[in-house]
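Reviewing the structure listed below.
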Amino acid sequence: MIPVRGFSGETIAVLGLGRSGLATARALRAGGATPLCWDDNTEARARAEAEGFACAPLKHADAFDGVAALITSPGIPHLYPTPNPTIALAMSLGIPVDNDIGLFFRSFATPDWDEFDSLPRVIAVTGSNGKSTTSALIHHVLTAAGRPTQLAGNIGRGVLDIDPGEDGGIVVLELSSYQTELARALTPDIAVFTNLSPDHLDRHGGMGGYFAAKRRLFTIGGPDRAVIGTDEPEGLFLASQLSVAPADDRVIRVTSAKPSGPGWVVSARKGFLAEHRKGRQTGSIDLRPIPGLPGAHNHQNAACAYAACRSLGLAPRQIEAGFASFKGLPHRSQIVGTANGVTFVNDSKATNVDSAAKALQAFDRIRWIAGGLEKEGGLAALTPHLGGVRKAYLIGRSAAEFALGIPDTPHEVCETMARAVAAAVAEAEPGDTILLAPAAASFDQYDNFERRGEDFIAEVAKYL
């Protein structure tokens, strides 16, 4: 645990008592503060009270008497679509609002790190898609190379749950837009922006607000080095804003296009990763044989991870060795098994159209299981990527809407995962891939995308 200093003797309100909220309360108490907690969920409050934390509704102004700050969990909206009443009240009273990510970065100014000759290096990864794989891959490569590394944030442990670590250690953080938009301190040594596509737009008031939340990672003090995916206009803009000259090597551009210019570029094209600096190739990796990184989208993730690891001084061969032993993450292009020549792939994390499109590009002869709770924008952007789909099997609340969105693709409304898997198996032929890539949220039928993926795996197991 990282004790949160700077609030000793003060009362700090904590809103939301899930994994990050409870860890925040513990870290505040360890630093000498008195947490005052609240969660609308009775069971969450009971868990906090069992650890000795006081819980009280933060509904009225007098509840904030003597409160120095409010720390909120990332899933609680503070602006769009409607501000949470407790957060709005705190803001109206002039009480600072922060989250655990902001507290983590503020902790570097406290005595807990004084014994180290060098503070931990922090790599923070954000973007619409590929954050988890990129973060986990960076962590895996660094660990395999013998670097003391911890993985936290939106993946792995809560950021305040990690240990201060070893002298010169590394912390890899996956950060969602929910986490970056409110943190009062964001000072990573290396910041990674994988890509941008429409997602969570209701939470951010539109695409501009969504990009602004991601961009904050690069504007508060600025990282020592930025790794920027430049295949979208927003990435190009961000790289341009951060560069002071064409050859500025503080910015590493990651692209699927042919490398050009005098800067530091890492490209992933047709299964090959190449590094160029000052117009010369300085490293390359054949990504095609690596089973844990299937498809062009994972090759882009690998390029981002490569750039981050090179920033820390790893040699290309060290990175290649780490890539080769990477097993991939559950629910992200996860090969579940093969039966009668049919391959089953679980990409339940493909919760938006862009990530589903990338999954569809990674495989041939697809029997596609899709649907759930449809997000803004519809399926029009998927149309160019449906050529390899033999048939779609549609599930969830938005199954009928999905059917209307893909009129030229053979499809069947199955509603449930069990029916979809059974129908796909009955019609599959050797060489087909049965792919779960929902292009939708899971909350109509499941608690989260993990449960949806686990249900797919359980249904597939009946046929293996």
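Cβ coordinates are placed from backbone N, Cα and C, and glycine is handled just like the others.
Residues or ranges marked as ATP binding site by Swiss-Prot on the basis of sequence analysis: G127, S128, N129, G130, K131, S132, T133. The Cβ of T133 (ATP binding site) lies under 8 Å from the Cβ of N298, N301, G328, L329, R332, each of these being in the same chain and 6 or more residues away along the sequence. Secondary structure at T133 (ATP binding site), taken from DSSP and collapsed to helix, strand or coil, is helix.
For the ATP site, the Cβ centre of G127, S128, N129, G130, K131, S132, T133 serves as reference, and the other residues of the chain with Cβ at most 8 Å from it are V125, T134, T194, N195, N301, S355. Counting every protein chain shown, the Cβ of S128 (ATP binding site) has 24 other Cβ atoms within 10 Å. Its own atom aside, the Cβ of N129 (ATP binding site) has 27 Cβ atoms within 10 angstroms in the protein chains shown.
Its Cβ taken as reference, G127 (ATP binding site) is surrounded by 27 other Cβ atoms within 10 Å in the chains shown.
DSSP classifies S128 (ATP binding site) as coil under the three-state reduction.
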